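Visitor: Below is one structure. I have some questions about it.
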Amino acid sequence: MAVASGECGVPVWPAEVVGSITHCDGYRAAVAARAAEVPVLGVDAEPALPLPPGVLEMVARREEQIQLARLTEADPSICWDRLLFCTKEAVYKAWFPVTQSWLGFEDTRLIIGRDGTFRATILGAAPWLDTVGVAGFSGRWLVRDGLMITAASDCRWTDRAVRAGCRSGNRRYDGGR
């Protein structure tokens, strides 16, 4: 199946499909699923290397930096800073097709589990949160063969969105209007 490109090169999937693409040096991937079964999907891949100096402070909230220090102490073999970056990228790729709106690094709070899972919360201070109806995402991560891959595939709706009838399989929300 050919996938068209929309604005800024964003993939345009058929209405009944959700999907995501990613690439980094030596790796390219595309994932797709039936929208009725998987309401959102975002994937990212990065080299399993530390972030360049100064980048972590730009992409991680203070509480996330503390979490990363604890994770690094527990398992120094994983570049947790890059994993956080990779996870936020996957979250954005799941977010944008549903909301058609920007999501900054500071607008998401991540909890990364050592068990290969993560939970992303879209912060309530974001001015558009109640309009778009997405409260957060859950997903999985994997580090293997010098590569880290993250996938966000479970969307949590705000209470207002649920009251308006938004749930799995319904990817559009009009702010409850």
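Positions of Cβ are set from backbone N, Cα and C atoms, glycine also.
TrEMBL does not curate its annotations; it predicts them automatically.
Annotated domain '4'-phosphopantetheinyl transferase N-terminal' per TrEMBL: 2-33, in sequence order. TrEMBL lists T22, H23, D44, E89, K93, L103 with the feature CoA binding site. If you look up TrEMBL, you'll see 41-125 marked as domain '4'-phosphopantetheinyl transferase'. TrEMBL lists D44, A45, E46 with the feature Mg(2+) binding site.
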Visitor: Among residues T22, H23, D44, E89, K93, L103 annotated as binding CoA, what is the maximum Cα-Cα distance? Answer in Å.
Guide: 20
Visitor: Mind checking which residues reach the domain '4'-phosphopantetheinyl transferase N-terminal' (2-33)? Cβ under 8 Å, same chain, six or more beyond either end.
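Guide: Counting only partners 6 or more residues beyond its ends, the domain '4'-phosphopantetheinyl transferase N-terminal' (2-33) has Cβ contacts under 8 Å with 39-47, 89-90, 93-94, 96-97, 147, 149, 151, 153, 171.
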Visitor: With an 8 Å cut-off on Cβ-Cβ distance and a minimum sequence separation of at least 6, pull the same-chain contacts of D44 (CoA binding site), or say none.
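Guide: Long-range Cβ contacts: T22, C86, T87, E89, A90, K93, I149, T150.
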Visitor: Please identify which of H23, K93 has the densest Cβ environment, defined as other Cβ atoms within 10 Å, among these binding-site residues.
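Guide: Answer returned by the neighbour count: K93.
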Visitor: Near the Mg(2+) site, what residues other than D44, A45, E46 in the same chain have a C-beta no further than 8 Å from the centroid of the listed C-beta atoms?
Guide: T22, C24, Y27, V43, C86, E89, A90, L147, M148, I149, T150
Visitor: What is the interatomic distance between the Cα atoms of H23 (CoA binding site) and A45 (Mg(2+) binding site), given in whole Å?
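Guide: Between the alpha carbons of H23 (CoA binding site) and A45 (Mg(2+) binding site) there are 6 Å.
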Visitor: I'd like to know which of the binding-site residues E46, E89 has the most other Cβ atoms within 10 Å of its Cβ.
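Guide: Of the binding-site residues E46, E89, the highest Cβ count within 10 Å belongs to E46.
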Visitor: Using DSSP, what's the helix, strand and coil tally for the domain '4'-phosphopantetheinyl transferase' (41-125)?
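Guide: Helix, strand and coil residues of the domain '4'-phosphopantetheinyl transferase' (41-125) number 41 helix, 17 strand, 27 coil.
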Visitor: Around the Cβ of T22 (CoA binding site), how many other Cβ atoms lie within 10 Å? Please give the count over every shown protein chain.
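Guide: There are 21 of them.
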Visitor: Sorry to bug you, but what's the C-alpha spacing from L103 (CoA binding site) to A45 (Mg(2+) binding site), rounded to the closest Å?
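Guide: The Cα atom of A45 (Mg(2+) binding site) is 19 Å away from the Cα atom of L103 (CoA binding site).
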Visitor: Any idea what the Cα distance is from L103 (CoA binding site) over to E46 (Mg(2+) binding site), rounded to a whole Å?
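Guide: That separation, Cα to Cα, works out to 20 Å.
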Visitor: Which value does the mean pLDDT take for the domain '4'-phosphopantetheinyl transferase N-terminal' (2-33) in this predicted structure?
Guide: 88
Visitor: Including all protein chains shown, what's the count of other C-beta atoms within 10 A of the C-beta of A45 (Mg(2+) binding site)?
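Guide: Within a 10 Å radius of the Cβ of A45 (Mg(2+) binding site) lie 23 other Cβ atoms.
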